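Step one of this worksheet: look at the structure below.
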Amino acid sequence: MNPLFIAAGIVALIVVYIWSLYNGLVRESTEIDEAGAQIDVQLKRRADLIPNLVETVKGYAKHEKSVFAEVTKARSALMSATSLPAKAKADDMLTGALKSLFAVAEAYPQLRANENFMQLQKELSDTEDKIAYSRQYYNTQLMEFNLKVRTFPNNMFADKLGFKERQFFQATESEKKATKVTFS
Amino acid sequence: MATSITSQIRSNVTKTYVFMAGFVAFVIFAAYVMGNALGYGNSWMFWAVVLSSVSSFASYYWGDKIVLAMSGARPADRKRDFDFFTVAENLAIAANIPKPRLYIIEDTAMNAFATGRDPQHAVVCATTGLLTRLERRELEGVIAHELSHIKNFDTRLMAVVAVLAGSIAFLADMFMRSLWWGGHRRSRDDDRGLGQILLLVGIVLAIISPIIATLIQLAVSRRREYLADASAAYLTRYPEGLAKALEKLGKDKEVLEAATNATAHLYVTNPFKGKNFGTWFAGLFNTHPPIGERVKTLRAM
């Protein structure tokens, strides 16, 4: 067997390997970007529900000003956040603020019986589920991607092809559990 | 926790492939013996499989519509069936499949099923009994189970298995008819001893193979239930939701009127409650594993 053929064969194998690695990583990054956009859609949906909710609660509990201010502040922080980690942090803040808003609402039986309020509460808790699930999908995709980038022999090439490990959308487990209790 | 669920899915998938390979081998073997017993050779086997495939082609493409028509379901509405609708939306996000079309059967019995040949043509159907009596987290478990059937292509797999089982039944039927009309033309010129042994084996096979085929079909169906349970737990990250829902469904003694033998394997739990599931032998004829077993497996995750 001609050693030249063997060498050519090895080079061809390496080329095919890098080719498929590159395409695989491009596909997975695109999927992750799409999953991230999905989280964005849901976060926006959540933010859109807030003004309506605040108005409804105000109708029954005018003097709870600090709570409204806190919620509004958290909402605008979420709206202006650009990077995913910043959004995750703002979203956590909003969750905390909403918790105190709903705690306040507990003291007003008429508010709790309000049709509009109940509907908003349902929509909000559903949107939180949507955020949690799109986040879960995002993180699962990300885990696969990071694993691929990190394992041998991919780790020798991924960096040079311009692919780096990516950041998870951080969700504290306690937050997911807490919202489940509050709204369900 | 996640790793034990992933490994369960993986082992279930492997076992299902083993089942499938065994099933196909069995169909070919039975057809081969019968064809040769009659003296028609292998072409007979080929035509039998082709004919039964064509007849199931229709059920593969229009199966979802037929099933829905048979069960008298109405489309779900976001406002009226808020939890059902939104839970399906959410889990479709988590599973990364399009939201299936949703239907409701007006029946106080608790059950749900999924159908459709792929995620783009999927349908999930639930009874009003299920929707009113389950908590949202429990409903998530059930819907995740159904979406897993769709995502794992169980609905398609079961269609394929049904084709194979149908082929066997068809083969056996044709064999018996051919015997009746004196179809074993070659046996006269053949070595008589071998021809008669083949004929005898053929008759025995014709009698028992449809039974064996049905048993294998049911075994595959039960396998897929465990897999769907495991995937549902993985999807919701909350196995307890489905476990609780299954317990509630197990206590529900009501029989679903809309279910027939043809659609039984589609449901989340067996829609016919009256039968005795106690013994191992009776268990062989179930489309679903016993609920107690499923709850135990879920709690172990």
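Note that Cβ sites are derived from N, Cα and C of the backbone, with glycine treated the same way.
Since we're looking at a predicted model, the values are computed, not measured.
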For the Zn(2+) site that TrEMBL assigns to B:His145, B:His149, which of the candidates B:Glu89, B:Glu225, B:Glu240, B:Glu247 is also assigned?
B:Glu225
Out of the recorded positions B:His145, B:Glu146, B:Glu225, ones whose Cβ falls under 8 Å of a chain A Cβ are none
Near the Cβ of B:His149 (Zn(2+) binding site), how many other Cβ atoms are there if near means within 10 Å?
27
Which residue, of the recorded positions B:Glu146, B:Glu225, has its CB surrounded by the fewest other CB atoms within 10 A?
B:Glu225
Including all protein chains displayed, how many Cβ atoms other than that of B:His145 (Zn(2+) binding site) lie within 10 Å of its Cβ?
28
